[in-house]
Amino acid sequence: MHDAPQSETAAALDKENPLGVDGFEFVEFTGPDPAAMVARLELMGFTQTHVNPANDVVRLKQGDITMLVHRTPTGQAAAFSTDHGPSANGMAFRVSDAKAAFEGAVARGAKPAEGHDGGALANGYPYVLQGIGGSLLYIIDQYGETSLYDGWNEIEGWEEAERKNAVGLFSLDHLTHNVRRGEMRTWSGFYGDVFNFEEQKYFNIKGKATGLLSQAMIAPDRAIRIPLNESQDENSQIEEFLRRYNGEGIQHIALATDDIFETVEEMKRRGIPFQDTIDTYFDLIDKRLPGHGHDVARMRLNRILIDGSDEDGLLLQIFTQDTFGPIFFEIIQRKGNQAFGEGNFQALFDSIELDQIRRGVIKVDA
């Protein structure tokens with residue numbers, strides 16, 4: 001069991017962080033072609049470290065990020081794959097005491113997941129809640145010195161393989177949920193009521209023909225951030241995701257790096273495709289953020305976005321193309337800024353909408 005860091009009195013911590021949340025532990029994937037999912041994660045710098053002998057789930061690691069892939073999906077993972085195709089069928093929160101946090105979550109209105117037999121952890125692991133779109137939300141207290149994977153089969157030589165294969169990603173910064181119209185408040189209420197998340201940001205993004213609302217929720221430990229996206233119309237990219245994914249779910253997963261240029265250039269060298277951005281975006285960077293101190297030519301070459309201010313600091317980010325079904329990844333480097341790149345969010349929205357227009361998903365008047 002791992003003790004959550006306490007910078008305040010126990011009473012204050014209990015009030016502010018009643019379930020003792022302490023960051024993400026993993027994201028779990030399933031799909032009809034698990035080998036392709038593993039291969040893609042390896043290209044992104046992840047290394048296979050352990051296999052659960054009970055259900056053939058493989059762990060892939062980079063820095064403090066863990067991804068689990070069902071190589072032979074059964075049970076909930078198989079059903080989720082059938083319903084959604086390549087998909088994220090679960091995620092895990094670290095807590096100080098899994099049993100107490102699970103019981104506390106249920107007392108606060110969360111529903112225990114059913115029919116999962118422990119999911120990726122197998123062996124009837126009991127502390128699993130019902131998550132977004134039928135996914136699993138695991139409550140985990142085995143991390144740090146007591147690893148969740150100690151009982152799994154260790155892959156020989158993985159430490160050296162990780163050092164050679166890593167591209168500089170070190171933590172899971174945030175992950176987003178796409179929800180149906182009218183459900184954003186349902187899910188912000190879930191995370192707020194159950195885990196005491198609070199709203200960090202709320203913004204309204206409009207393109208030429210479509211729009212969305214986004215509400216970013218942050219946990220008491222400040223390490224778990226979950227933006228919630230809801231469409232404002234039936235043709236937006238959020239609605240397209242919901243149709244392609246056949247339901248609500250995790251839209252993208254943001255991974256942090258300390259050197260976004262080196263990370264992205266290596267990922268591109270390995271063949272990872274990224275979303276494009278309209279070229280005029282880069283023409284306006286110096287005017288929008290004077291004195292930002294970054295090489296705009298290198299940003300333009302790699303299509304890396306920048307946002308922030310003198311007061312709040314900067315962040316740099318870029319988004320991959322769809323990776324697992326409609327799910328994609330974000331690469332982010334924070335330089336003091338703790339927001340989500342609202343200015344870039346508009347640029348991303350515009351670029352995706354342009355792609356939708358090109359593909360005929362939406363139409364605009366000439």
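The backbone N, Cα and C atoms fix where each Cβ goes, and this holds for glycine too.
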Of GLU42, GLU330, GLU353, the one that TrEMBL places in the same Fe cation site as HIS174, HIS252 is GLU330
Residues near HIS252 (Fe cation binding site) by Cβ (under 8 Å) yet at least 6 apart in sequence within the same chain, in sequence order, are LEU175, THR176, PHE319, ILE327, PHE328, PHE329, GLU330
The mean pLDDT across the domain 'VOC' (171-321) is 92
Across the domain 'VOC' (23-142), DSSP yields 36 helix, 44 strand, 40 coil
Those same-chain residues, other than HIS174, HIS252, GLU330, found with Cβ within 8 Å of the centroid of the Fe cation-site Cβ atoms are ASP173, LEU175, THR176, PRO227, GLN251, ILE253, ALA254, LEU255, PHE319, PHE329, ILE332
Within the same chain, the residues at least 6 apart in sequence whose Cβ is under 8 angstroms from that of HIS174 (Fe cation binding site) are ALA216, ILE224, ARG225, ILE226, PRO227, ALA254, PHE340
In all the protein chains shown, the tally of other Cβ atoms within 10 Å of the Cβ of GLU330 (Fe cation binding site) is 23
Simplified to three states, DSSP reports HIS174 (Fe cation binding site) as strand
